[in-house]
Amino acid sequence: SSRLMWVRLAALVFTCVAFSVAAHGGYVSGGMGDWSIFCWAFSFAGTLLVLVVELMGLQSRTPVSWTNFPITFACYASLLCLSASIIFPLYFLKGHTGQSETRDHRIASTVFSCLATVAYFVEVSLTRAQPGEVAGYMATVPGLLKVCETFVASVIFVFVSDPVSYDRHPGLKWCMAVYCICFIISAGIVVMCVGECTGCLPFPFARFLSAYALLAVAMYLSATIIWPIFQFDSRYSNSSSRPASCQYYHGLCPWDKLVAVAVLTALNFLIYLADLAYSARLVFVTA
């Protein structure tokens, strides 16, 4: 539709401006700067690809399911731009006082990143399946939840690996195993749906989704309980309270990252719980 095309064009312009301004005069560097630039550039390139395929009518020639790919990409792009909208000002505007051209460039990148986030969320809302509508799995609520599950797990991986914070106790290693196992399976489901490979499974896909969601809920529930105990309980850790040195860190200090992992673990538990509710309803309603 024309409305969807204009939303995609807006997202294309916003992401282009965000990474162009940051790269030109923002003087960003380091891992977080590279991550922000990647989020905007990746979203721009993917949106440009979607627009070209749609405008030239090449949907039937693509090697992926075009009923699933655009909304899957838009959902990932919205989460990427959202993360950049939070991380970029946290690392490159926080504590940056005074008026300067560099600061103005960074503010502009942040503003356009927020606008791109809104544009992608609008695209997802326009293309997701409505009640009673026949659509691809990734356009349904469980499909979109799979994208959120994999993205949250990816952010958790970033926080637990710098510095490594899961090797001090077997309980923390179990939490890491939960993150990895659930991420791999959820990512595999997304790939199978986009690649139209779900029919290759030797068992009903809907029942597999419901069984996996139940397993993931149980595993993430254990991680939601275990991670805070072994990271913040004084009996098992020396980081029960925020160190005074954290105020001197540029961005997030190691203790802040531990708290972020605890919050993201609980968030992913709630996402998997919602996924279980929708998947169970899908199985029992269609059975």
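Placement of Cβ uses the backbone N, Cα and C atoms for every residue, glycine included.
Curation plays no part in TrEMBL annotations; they are all automatic predictions.
The domain 'MARVEL' annotation in TrEMBL covers 1-132 (among others).
The signal peptide feature in TrEMBL is assigned to 1-22.
Residues annotated as transmembrane segment in TrEMBL: 35-57 (among others).
The transmembrane segment annotation in TrEMBL covers 69-93 (among others).
Residues or ranges marked as transmembrane segment by TrEMBL: 105-122 (among others). Sequence-distant neighbours of the transmembrane segment (105-122) (same chain, 6+ residues past either end, Cβ-Cβ under 8 Å): 7-8, 10-11, 14-15, 17-19, 21-22, 24-28, 36, 39-40, 43, 74-75, 77-78, 81-82, 84-85, 88-89, 92-93, 96.
Annotation source TrEMBL lists transmembrane segment at 134-159 (among others).
For 137-284 (among others), the entry in TrEMBL reads domain 'MARVEL'. On the 0 to 100 pLDDT scale, the domain 'MARVEL' (137-284) averages 89 in this prediction.
Within the chain carrying the transmembrane segment (171-194), a Cβ under 8 angstroms from the stretch's Cβ atoms is held by residues 64-65, 68-69, 72, 136-138, 143, 146-147, 149-150, 153-154, 156-157, 160, 165, 200-201, 209, 212, 216, 219-220, 222-223, 226-227, 229-231, 265, 268, 272, all 6 or more beyond its ends. Annotation comment: TrEMBL describes 171-194 (among others) as transmembrane segment.
TrEMBL lists 206-230 (among others) with the feature transmembrane segment. Long-range contacts of the transmembrane segment (206-230) within the same chain: residues 142, 149, 168-169, 171-172, 174-175, 178-179, 181-182, 185-186, 189, 236-237, 261-262, 265-266, 268-269, 272-273, 275-276, 279-280, 282-283, 286, each at least 6 residues beyond the stretch ends and with a Cβ under 8 Å from a Cβ of the stretch.
Residues or ranges marked as transmembrane segment by TrEMBL: 258-278 (among others). With a cut-off of 8 Å between Cβ atoms, the residues of this chain six or more beyond the transmembrane segment (258-278) that come close are 140-142, 145-146, 148-149, 152-153, 155-156, 159-160, 165, 175, 179, 182, 210, 213-214, 216-217, 220-221, 223-224, 227-228, 231-232, 239, 252.
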| said: Given a Cβ distance threshold of under 8 angstroms, which distant residues of the chain, six or more beyond its ends, lie next to the transmembrane segment (35-57)? | reply: 5, 8-9, 11-12, 15-16, 18-19, 22-23, 28, 66, 69-70, 73, 77, 80-81, 83-84, 87-88, 109, 113, 116, 120
| task | Sort out the residues at least 6 away from either end of the transmembrane segment (134-159), same chain, that have Cβ-Cβ distances under 8 Å to it, and list them. | result | 65, 67-69, 71-72, 75-76, 79-80, 83, 124, 127-128, 165, 179, 182-183, 186-187, 189-190, 193-194, 198, 209, 216, 252, 257-258, 260-261, 264-265, 267-268, 271-272, 274-275, 278-279, 282
